[in-house]
Structures are given as C-alpha cells and as structure tokens.
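Annotated in TrEMBL:
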- 9-125: domain 'Response regulatory' (DOMAIN)
- 147-212: domain 'HTH luxR-type' (DOMAIN)
- Asp60: 4-aspartylphosphate (MOD_RES)
Amino acid sequence: MPDAGGFTRVMLADDHAIVREGYRSLLQKQGRLQVVAEADNGADAYRVYKEVRPDLVIMDLSMPGIGGVEAIRRIRQWDNSARILVFTMHQSAAYAVQAIKAGARGFVTKSSPPDALLRAIAEVVAGRIALSPDIDHELAMNRIADEPSAVDALSPREFEILRMLLAEKSVDSIAETLHISVKTAANTRYLIRAKLGVTSDIELVRLALRQRIIAAEDMEH
C-alpha cells in the first residue's frame, strides 16, 4: 500500500541500467510513484525486496542467474502480499501464464505504449490483475480455440528450469544457480520432458519454438 504521504514505493528489477533509468524517469514524472530500489538480476531482486519491502515491483523476466519467474516465486513465498508487475520483451502468453502462476499481479509487454504500463501500475497497486492488450488478446484467442499451451502444465519452478535448459545450461549449472541438488535438477528435467511429451533436447527446442518460448534468432550463435 502507498505510504502515509501517498507515495507508492517502487522497486525496479531489470538487467539493463539504461532501461531502469528510462523507467525511473517515466515513473517519477507521475508524482506519486517513487523509485526506492533497483536490482539487475533475479537473486538481487529477491534480496533487495526483503530489505526494502517496496509497495510494487516492476520486474523483467530475462535476467542473469535466476530469471524473473523464479524471483517472483521466491518473493511471493516470502511475502504473499507482494505486488509484482512484469514488464518484459516476451510476447508469448505462456510467459504471462507462468508469471501469474508464480504470483505476479500484472504482465505488460515492452512493445506496449507507456500509458499501458502506467495503467497496469494503477491496477496492480489497487489490487487487481493487469494484462497488456496484446497478451489479453492472445489469452482470449487461446480460450476461444480451446488450445491451452502445453507449457501451461508446468509449475513456475519447472518453467524456470525449462528456460535454463533452452539457454543450454547444464544440469550441474542449473542446480548451482537454483541451490538445488543435481539429482533434483535432473529429475525435474525428466518431469518437464514427460509433461511436454518430448523425449529429446531437439524435440524440446522445437516445442519451445512453436509455443514462442524462444525465437529462432535465439538459436543462432
């Protein structure tokens, strides 16, 4: 909730300093939004949140180490009243579903105009769910077609491990980043494949391309 002076204390989590600077400039022009903390990776977002306890977190999803979905899950596990708004370049509804499942209250794509972000901030601060029009439309079309994404069956933790596997992280690296055992990471990789109905890394990549979890250019080296 806003503080006694009516200001909403905001934390920004994005790995690009110039992007955070742009957010800060936009938000502080609004008069009642005060940026009180920043983080450039998911682990720091979790740590700083616990130190600062902001009213609102604006979170990117693609950050070094643990991604935004895992950071959201950890923050909400520590504080189930946390208000988190995702602001990301990912335009797949699958990301929105996972972010909301992890505990985010809003999801806005970076292709949206600034006023869409400001409207979403107002909605999330008021305790409502906010989606940018493009994501809202895709979710509606999926419901009409009765075609939920296969990835929707994954838990937020499984989705984070899927994201890391697609980034060609090894099981050992995933275990170290997420502070879980290698056995747990390997078992989760098996469960992900089983839930998605794939048996190889190639099939996993093909499914991720179809579901727009990754783009073709992400596979270019």
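The count begins at 1 with the first shown residue.
For all residues, glycine too, the Cβ spot is worked out from N, Cα and C.
Look at the residue listed as '4-aspartylphosphate': DSSP puts it in coil. Cβ neighbour count for Asp60 (4-aspartylphosphate) (all protein chains, 10 Å cutoff from its Cβ): 27. Averaged across the domain 'Response regulatory' (9-125), pLDDT in this predicted model comes to 92.
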